[in-house]
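These notes concern the structure reproduced below.
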Amino acid sequence: MSIYVDYAATTPIDEEILKSMLNSADKFGNPSSIHRIGKEAKAFYEASRKNIAKRLNAHPDEIVFTGSATEANNMVIRGTADYYERPHIITTAVEHASVKETYQDFEDTCDVTYLSVDKDGRIDIDELKDALTEETKLVSIIMVNNETGTVQPMADIKEVLKDSGALLHIDAVQAFKQLPVDTETLNCDFLTLSGHKLHAPKGIGVLYVRRNTHLKRLITGGSQERERRAGTENTLYAYAMMKAVEKADENREENTKVLRSLKETLLKELEQQEVPFEVNGDVTTQTNHIVNLYFPWTTSEYLLTALDMAGIYASGGSACNAGTVQPSHVIEAMYNEDRARSSIRFSFGEQLTEDDMKYIAEKLKTIYTKLGKNGFI
Amino acid sequence: MTNKDTTVVVGMSGGVDSSVTAKLLLEEGYNVVGIFMKNWDDTDEFGVCTATNDYEDVRLVAEEIGIPYYSVNFEKEYHDRVFQYFLDEYKKGRTPNPDVMCNKEIKFKAFLDHAMKLGADYVATGHYARVIHDDDGVTMLRGVDNNKDQTYFLNQLTTEQLSKVLFPLGHLEKPEVRELAHKYDLATKDKKDSTGICFIGERDFKEFLSNYLPANPGRMINMDTGVDKGKHDGLMYYTIGQRQGLGIGGDGGPYFVAGKNLETNELYVVQGDNHEALISTSLLASDVNFINPAADTFECTAKFRYRQKDVPVTVKVTGDDQIEVSYESASAVTPGQAVVLYDGDKVIGGATIDKVFRNGEALEYLA
């Protein structure tokens, strides 16, 4: 038995996407070359950009291809923080590491405000209002949390920032597959996406930058991406990214249904099996592809190992280089460190079945029962 | 139960010994799982977590021999149960043995529990010791490699703990283990053995300790003459019988540490090998652990520190958790260290040395 329930970490490459990549491999030219081979590649590459722009309700010149969403988030934060003189920046306590740790680098040269979250993982709009000053240049918000699926109140955030001078940076990596992502509706200035969360290969990300926005560039050495990111264009991966964005956008409603039923089945089965657990956050408003569960009777480190031995692949917190689990800063921000140490994340893809969910619940029951019988609970 | 149905969790450190341990068990048909323990968080001068390389070696060996591998974090348990004890003992002027404590509290308690929770039937480590499970229960024997025997550090393991333990290297000599590592072409076959206390590593001991305990320099006094021999760096830096690092001499024979006075913060030194002040004839010890039931009084042999030759002793149980061990004569028996009792190759048990006497009179090791 082998059940992968870690789709928020990464997804398998879609077969159709992989095939279409291979079929396009003849467009090998360097898009910056002025000969015909280069121009063919350029046309192929720009078509990907154009389609992604359309899906995001943006202009093609607002789309920058990057090596990853981590890189894109770095570009936004470093490129903005370095552009202004000691700017004030607002972010949240529950960002992805690519935002959180990048801000840690600027704590000496910028004024960084970290917004707290409630037990549902959501920011308090009044706290944002209070934090906002004339010096605020950038607000970074994760639209859908990668550990809990919590959705931030984007419409309210937009309203608060409307008349301010602050730029809005949205990490939409986990959001895109679950919710409509429209750069005009969101009224954002930066938005980031990742290919491998959408069944494209690893190594491709997208950065949306609103027209006429200042951004100091990070990678120099060529005029690619309108001087926003140097380096020979990754034409094939950009193509895969485009395909992945299209597919996710087109199948969103259908996928959501499948994912919701998976989540509901897992929770229902766990209750039936009488495995003690609590959902972290508000399950009714979280996206359907993630559910983060607190198991008060054990630790995430133990449970992840036991589940792995049973062929169930989930996650929780972040792994250090020595393979041990660091408790999730997101669950810690919502609750406390102890709860974070006993919580794990299941994240779903539409390839999973309800039987898989039943199997997971049964295995958790077996683990729970054995621990109790052997006096470990 | 056949080996195939027996799950053995191997504590893999990324060293050659535990690598060979895992491979040998696999050869014997056991269902083997490797788990790396992270007990201490430290980064080297290049910002790399020191556990990273060791875990990388665990991964390499596990992939090579084809076993699942995992990692578990016991930093908190290690800090609370081993490191705190280590500091407390130094504060008391004693010389702790963190390896004994690590085996008792971490490797064969926290880790053993973790493995049992994961469905292990046994836990195995690369220790040089033998454990025999039979109808009589459990017996621990010295490793056949006299030079590597690690039973001294395992003396606090209870019968219950040992009943779930395998030491596959106990019947091998170290060079044979290296040879096996080469034979199986394991990634760790040429890896240097780790030395010293795990959390200190290659660092300077004095400097390390000074990060945690305030050094309190004082005077060094010749115990025989009362002559002030200069400054000492802090009592915690010295152990009974120590010769190196005193920075005195040149007036006829080397000096040795013979005692500490915590009240006056004086370090007592004596001149010459086998000085009477270092010689004892009995000791009192607590944290008594008998692996197999023992009589109230019995004769056996004992080690007072690692790698020392056995000394014939008489053991008397003198209290609820106290034994008196008497012997003809031994030098530099040190409070805080373990006294481990043997009957031939068999380990009877062990205890922690508290007080040392010469012909019934307490030595001034700790005043």
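Quick reminder: no glycine exception, Cβ is built from N, Cα and C everywhere.
Some features that TrEMBL has for this protein:
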type	residues	note
BINDING	B:G11, B:M12, B:S13, B:G14, B:G15, B:V16, B:D17, B:S18, B:M37, B:G126	ATP binding site
ACT_SITE	B:C102	active site, nucleophile
SITE	B:H127	site 'Interaction with tRNA'
DOMAIN	B:206-271	domain 'tRNA-specific 2-thiouridylase MnmA-like central'
DOMAIN	B:281-353	domain 'tRNA-specific 2-thiouridylase MnmA-like C-terminal'
SITE	B:Q337	site 'Interaction with tRNA'
* Structure fact -> Cα nearest B:D17 (ATP binding site) among recorded positions (B:C102, B:H127, B:Q337) -> B:H127
* Structure fact -> Out of B:S13, B:Q337, the listed recorded positions, fewest other Cβ atoms within 10 Å surround the Cβ of B:S13
* Out of B:G11, B:G15, which of the binding-site residues is least crowded by other Cβ atoms within 10 Å? -> B:G15
* Asked: What's the CA to CA span in angstrom from the residue listed as 'active site, nucleophile' over to B:Q337 (site 'Interaction with tRNA')?
  -> 14
* Structure fact -> Filtered by Cβ under 8 Å and at least 6 apart in sequence, the residues in the chain of B:H127 (site 'Interaction with tRNA') near it are B:D17, B:G143, B:Q150, B:F153, B:L154, B:F167, B:L169, B:G170
* Asked: Which state, by DSSP, holds B:M37 (ATP binding site): helix, strand or coil?
  -> strand
* Asked: Which value does the mean pLDDT take for the domain 'tRNA-specific 2-thiouridylase MnmA-like central' (B:206-271) in this predicted structure?
  -> 90
* Spatial neighbours of B:M37 (ATP binding site) that are distant in sequence (at least 6 apart) but have CB under 8 A -> B:G11, B:S13, B:S71, B:V72, B:F74, B:I106, B:K107, B:F111
* Structure fact -> DSSP output for B:H127 (site 'Interaction with tRNA') maps to coil
* Largest inter-residue Cα distance among B:G11, B:M12, B:S13, B:G14, B:G15, B:V16, B:D17, B:S18, B:M37, B:G126 [record-listed ATP binders, Å] -> 15
* Structure fact -> Whole-number Å distance separating the Cα atoms of B:G15 (ATP binding site) and B:Q337 (site 'Interaction with tRNA') is 26
* Can you count the other CB atoms that lie within 10 A of the CB of B:D17 (ATP binding site)? -> 25
